[in-house]
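If you look up Swiss-Prot, you'll see 73 marked as active site, proton acceptor, on the strength of sequence analysis. If you look up Swiss-Prot, you'll see 74, 79, 81, 83 marked as Ca(2+) 1 binding site, on the strength of sequence analysis. Taken from Swiss-Prot, the feature substrate binding site applies to 171. Residues or ranges marked as heme b binding site by Swiss-Prot: 201. For 202, 250, 253, 258, the entry in Swiss-Prot reads Ca(2+) 2 binding site. What Swiss-Prot lists as disulfide bond is 42-123, 75-80, 129-326, 208-236, and the listing cites sequence analysis. Swiss-Prot lists 174, 238, 282, 294 with the feature N-linked glycosylation site. Positions annotated as signal peptide by Swiss-Prot: 1-28. Swiss-Prot lists 69 with the feature site 'Transition state stabilizer'.
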């Protein structure tokens with residue numbers, strides 16, 4: 001006789017039946033991501049993305065940084081569901097039109113549109129905009145010298161994009177380390193992962209309005225490298241009448257993904273206040289020191305954090321769709 005004993009009224013077969021019924025319900029809304037998701041349904045997916053990003057990056061070298069930033073802003077609000085791509089219409093102000101997102105580069109939106117157009121000709125109605133943004137980001141990061149990381153696919157595009165939800169979910173340039181980490185933490189990221197992802201500022205640029213308060217008046221930051229501060233003051237002197245004026249986040253190697261961002265922080269060359277505080281705060285300084293001296297450690301941590309970022313809040317079939325156009329929901333009344 002078996003040694004297994006069951007209490008009175010306990011029927012294991014009923015439990016097994018319940019699990020069999022409930023399991024599909026539990027998993028139905030969860031996207032199952034895998035790297036070969038489009039192998040059969042859109043076999044040219046990787047080729048089409050790679051060719052499009054190569055052409056665009058050659059034409060406009062800031063595309064990589066812009067797309068990386070767009071991906072981050074997408075994933076940190078409502079998850080990686082392409083909600084940041086939705087255009088505002090007469091009955092909804094979308095995420096991309098919130099003040100915190102108004103400087104998201106047009107080239108980043110453009111590359112997603114280019115890829116979507118090509119994919120719709122090759123395999124219509126198959127590839128989500130969320131997957132396009134994720135894959136394009138990885139390919140562009142590696143193109144400019146950054147680390148390779150796996151991109152698992154199978155995300156669906158979300159049904160919601162609300163501008164009023166942006167604030168409090170995307171870090172701001174003047175926030176403290178605890179404030180910024182609070183945003184990262186609720187998305188499952190540690191302090192070390194936060195610093196690693198901040199290293200994305202090794203490429204790209206920021207507009208003067210995002211750091212001008214560090215340059216002028218009684219609140220001017222005395223810890224900025226004096227020569228750097230003087231150059232920024234000259235660059236931004238007309239920023240109130242021309243809000244397109246911008247400076248490179250990494251003044252030394254702005255187009256190369258490397259660990260120079262962290263080296264710059266130690267020299268007083270951090271552009272944003274939120275950059276500079278990483279070297280000032282005792283909780284984040286050890287990671288800045290590590291990455292400044294060990295690019296391999298930075299690349300490894302960044303790659304792992306990016307793989308993790310790509311899984312934040314992904315949508316399954318019930319909670320998402322494959323949009324026909326990345327800037328509109330399929331149901332325009334949503």
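Every residue gets a Cβ built from N, Cα and C, even glycine.
Here the recorded positions are 83, 174, 238, 253, 282; the one with the fewest Cβ atoms within 10 Å of its Cβ is 282. Proximity to residue 129 (disulfide bond), defined by a C-alpha to C-alpha distance within 10 angstroms, is shown by none of the binding-site residues 79, 201, 250. Nearest by CA distance to residue 42 (disulfide bond), out of the binding-site residues 81, 201, 202, 250, is 81. Cα of residue 79 (Ca(2+) 1 binding site) to Cα of the residue listed as 'active site, proton acceptor': a span of 9 Å. Listed in chain order, the extra residues whose Cβ falls within 8 Å of the Cβ center of the Ca(2+) 2 site residues 202, 250, 253, 258 are 203, 252, 254, 256, 257, 259, 260, 261, 264. Reduced to three states, the DSSP call for residue 69 (site 'Transition state stabilizer') is helix.
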